[in-house]
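As recorded in TrEMBL:
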type     : residues                       : note
REGION   : 1-36                           : region 'Disordered'
BINDING  : ARG145, ASN183                 : substrate binding site
BINDING  : CYS149, CYS189, CYS191, CYS194 : Zn(2+) binding site
ACT_SITE : GLU184                         : active site, proton donor
ACT_SITE : GLU339                         : active site, nucleophile
Amino acid sequence: MQDRAPESGDGTSEAHVGAGHPLPRPEDLPLGSAERGRSTSGLFFGGDYNPDQWPEEVWAEDFALMRTASVNLATVGVFSWSRLQPSPDRFDFDWLDRVLDGLHSAGVGVCLATPTASPPLWFTRTHPDALPVTRQGVRLVHGSRDTYCINAPAYRQASLRIATELANRYSDHPALRLWHVHNEYGTWCFCEHCEHAFQDWLRDRHGTLDSLNDAWSTDFWSQRYGRWDEVLPPRATQYLPNPAQELDYRRFLSDSMIRHYRDQQAVLAGRWPVTTNFVVDDWVPVDHAAFAREVDLVAIDHYPTTIGEAPAERAFAADRARGWARAAGHPDGRWLLMEHAAGAIHTDGVLRSLPPGSITEAAETHLARGAVGIMYFQWRASRGGAEQWHPAMIPHEGSDGPVFDEITRLGAALATRAPEVVDADVALVYDEQTMWAWQGKHLPTRHVDYDRLALRWHAALTEAHGNVDVTPPGADLGRYRLVVVPALYLMSATTHNWLRSHTGDLVLTATCGLVDEHARVTPSSLQDIIGARVTARIWLPPTEPVVLADGRTAGLCFETLQPTTARVLHTTADGSPAVIRNGRVTYIAALDLVDPALTTPDARPVSASLGSDGTRSR
């Protein structure tokens, strides 16, 4: 496995192994009985339910409509902290009792959330030091979601208290099926609490200041540290930040969030699985491959960003979720789609409605990739608040319309289906820490979008080979005949050895292994694997690609290769090696040459160009 920070902010490395916790069996799901006219299945179907935003007379209508739509799971309480705990020493669970009882009577199970993603106003007024601080030193104020510092002691204590109260009251409620800790971990903070916790984390990770100074290359720009309390979070500074410090800070934040999850998981654990919802996006400082080892069920939230590429984006996110789950030891790589939008996409500043059938098409994409359920945000569109225009299973226009009609048909179709087991013998290596490294402001190019490159490779490999696991460094590669590793810029010695251990076909691209886990340049680290030396590296603007001998173009970065034991498969127009093969290892010298025909030794080159969604044009 790639060298990682310890999985918790306190430096411990023992992970909670949640992969073995049994999911609810089909007969446990509260779809109930044959006399209701519905059969049970192993699939979850439903969404976030926020009854506290509505008068109580609406609840009965909701319960009836959920039965109509074959909903069997509702996520409740995600943002309800101020209703559940109106003041420091007063709790109000009466309304939640009625909600859970009503859902149970309607045959709907509950995914009960801890509401710690949005602390109430009384908390932030009492503990202003627990408000997050930006990189620029601005302390944010109450008025949105996620206004907390994950390392503030008062926040951690308050989070544990509300989680404990919920566990004590509802662990044996007959509607309960899942615990949902927090919501979308990923909040940044650079405050004094984070400063002190970061120093402790660094001491645990690096051991000595000499080791830290070496890892961070602090002799450059006179940044050498002589005391642990001199080390600060990477706040706003005069010019470019230290890339190694930036990477370690993201690792630290990720471990801090895992520690916060563990605190709550410890009091919730019991009969039912415990999870949280991962955000599949590039702004989140969370290593989800590490987090997947903590949860009982990998669950993701995913919202495509473009109309044309939505199918490819969904497929890539789904296969990432399955890859995280499989690498963490979850049976069959099981995972849950905890949130997505019903029938619309926010793109280019517009909420675009999708054509009829799109809700079903999206669900089938996820189910075909091993999802154990399809969940939405949210059940009923909010009348007010910052997300009042977010799509919902019941839109503002009500249940008498095309969206709810399609939701109802989908629910009925899923009621008799079970999760699919996906068997893939092709893997695409994707690493969130490498994604963080590619976001550095000091790089020789700002045109490399690691996620987009991975998306293009995923789409192309899916078209050429069928099922593809998107797997993190360190996963068991024994099941794969082909492993493709695009742009893995950040690579530790452990990852090098992991790749060397693969006995099947291996494809690497330009920039793989260019730096180690501390962002220190290691330009010759792969030459024994690829059978060639890189004698020069050219960074290219998108408008000036290299032309290959067959007329195709490739850009962003091109490496001049001097083969030692490798044979040349393809060249540029001027004869420079563009693709080489050394035994079962193929190396592509151009960063954005995405071609599945290059992944097997006997495949013929294709002259087609591959679009960003993986479709082929000639």
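Indices start at 1 and increase along the chain as displayed.
Every residue, even glycine, has its Cβ placed from backbone N, Cα and C.
Since we're looking at a predicted model, the values are computed, not measured.
Distribution of TrEMBL features across the structure.
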residue	record	DSSP (3 states)
ARG145	substrate binding site	coil
ASN183	substrate binding site	coil
CYS189	Zn(2+) binding site	coil
CYS194	Zn(2+) binding site	helix
GLU339	active site, nucleophile	strand
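Within the set of recorded positions ARG145, ASN183, GLU339, the entry lying nearest in space to CYS189 (Zn(2+) binding site) is ARG145 (CA atoms). In this structure, the CA atom of CYS194 (Zn(2+) binding site) is 19 Å away from the CA atom of ARG145 (substrate binding site). In sequence order, ASP129, ALA130, LEU131, PRO132, VAL133, TYR155, CYS189, CYS191, HIS193, CYS194 make up the list of same-chain residues 6 or more apart from CYS149 (Zn(2+) binding site) whose Cβ falls under 8 Å from its Cβ. Cβ environment of ARG145 (substrate binding site): PHE79, ALA117, SER118 lie under 8 Å away, each six or more residues apart in the same chain.
Neighbour density at the Cβ, taken as the number of other Cβ atoms within 10 Å, is lowest among the binding-site residues CYS189, CYS191, CYS194 for CYS191.
Taking the mean position of the Cβ atoms of CYS149, CYS189, CYS191, CYS194 as the Zn(2+) site, the remaining residues of that chain whose Cβ falls within 8 Å of it are PRO132, VAL133, ILE150, ASN151, ALA152, PHE190, GLU192, HIS193, GLU195. Packing around GLU339 (active site, nucleophile) is summarised by its Cβ count: 22 other Cβ atoms lie within 10 angstroms of its Cβ, all protein chains included. Neighbour density at the Cβ, taken as the number of other Cβ atoms within 10 Å, is lowest among the recorded positions ASN183, GLU184 for GLU184.
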